[in-house]
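K.L.:
Submitted below is the structure of interest, expressed as structure tokens.
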């Protein structure tokens, strides 16, 4: 066989292998139907009392955590409140001034979480919450020095705490950590009340005036923030035809929340439900924690790459399997694993004779960000030069034009699967709550936050296409308005503190 023939045969083998992988990543309309039906089933199961012997930490179903928020803002609320937000990489403290006209202003300070708090398994709760309190003190010195100087005589300042990890929440201001997901490994925090841990450190560091009155997460915050800033929140009375029904995040992680009828949240004690209904409260926000959807893998599409990422590379094997197929944290990692695999099969990057010779960035888990994929996704330059530069900059990886064509195909298959799967919880919630049929026109708004839904090219279009292919159908999809909700974790937490 001549060199040319060998080259063509290899090229055909590469195309065949890549096409097969792309097929494995396809989510068909039938699969969307199956997943949506199962999601609704898991929601119902999660709203019911847990089976005997089951806990939120051990259960593989949807957590469906009551957020103890029974109303949504309408944009007329006023006041100055504090908000703290512990995410996967940063801690942020804000002072939010609600103006009462759907607008707000904010002072904020963001701090990177030190690597030793993330990586060291010997770190304690006191280490972490001590760091949060020190950053809060620095913020108070800068923006509220007068209140700080008054000490115990200062007027209480309400703080809403956005804590974006699964908690077993028992009231608006208490919740115990179920498990860490992104980043942290601090074992002694699991099972403890995170509000109490933060409050103790605030008091210990001379800030008794700060009262942590509400525990929320970024998703509930996104929903509340969208309700506050949306002109359609009072649509029932204003005559507008759309209203906010879901808050969701598609960023580093993914999650969502929605308003559920209190009568249907049978996991809440009967006396509490009766008390709330007597007070005229009919609905409560449910934090779905949908990153955990189908942890048993009964229906989720699964490739060998998903298995490796979950079992060998993630910090929480067996959990958050939906998130590992959808969120920005994992999109680049899926591509990286595919490239390493295709190299090992002798199909791509053959200038490197062995895995050991591959660029270190390519063999290091989580080195390839979804931002790189977003550049490749829309590259239409000659010879895919943009892709070439992106791979050189991010991975120090030289590629041929032929390889780049195949890599772009893979990127588009990975992102399409992510967007199609992202449509499943949205379709399921809209169907379960009958949101599209509640009144004439029945148009709804979904408040979205997160880098993937906001910035990834074509993600929202692909998500909408999947909604049209889902049981909602094209007619249902047309009634859905996806809106970017800005800064849910700051404003939303402040709004949570306001209702406390």
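The backbone N, Cα and C atoms fix where each Cβ goes, and this holds for glycine too.
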K.L.:
When Swiss-Prot marks a stretch as region 'Glucose-binding', which of 23-49, 158-184 is it?
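P.N.:
So the range that Swiss-Prot calls region 'Glucose-binding' is 158-184.
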K.L.:
Take the C-alpha atoms of residue 487 (ATP binding site) and residue 470 (phosphoserine) and report the distance between them in angstrom, rounded.
P.N.:
29
K.L.:
When DSSP is mapped onto helix/strand/coil, what comes out for residue 487 (ATP binding site)?
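P.N.:
For residue 487 (ATP binding site) - judged by DSSP and reduced to three states - the answer is coil.
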K.L.:
Per-residue pLDDT averaged over the region 'Glucose-binding' (158-184) comes to what?
P.N.:
88
K.L.:
Using a 10 Å radius around each Cβ and counting other Cβ atoms from all shown chains, which of the binding-site residues 488, 490, 492 yields the largest count?
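P.N.:
Within the set of binding-site residues, the most crowded position is 492.
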K.L.:
Rounded to a whole angstrom, what is the C-alpha distance between residue 490 (ATP binding site) and residue 470 (phosphoserine)?
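P.N.:
Taking the Cα atoms only, residue 490 (ATP binding site) lies 33 Å from residue 470 (phosphoserine).
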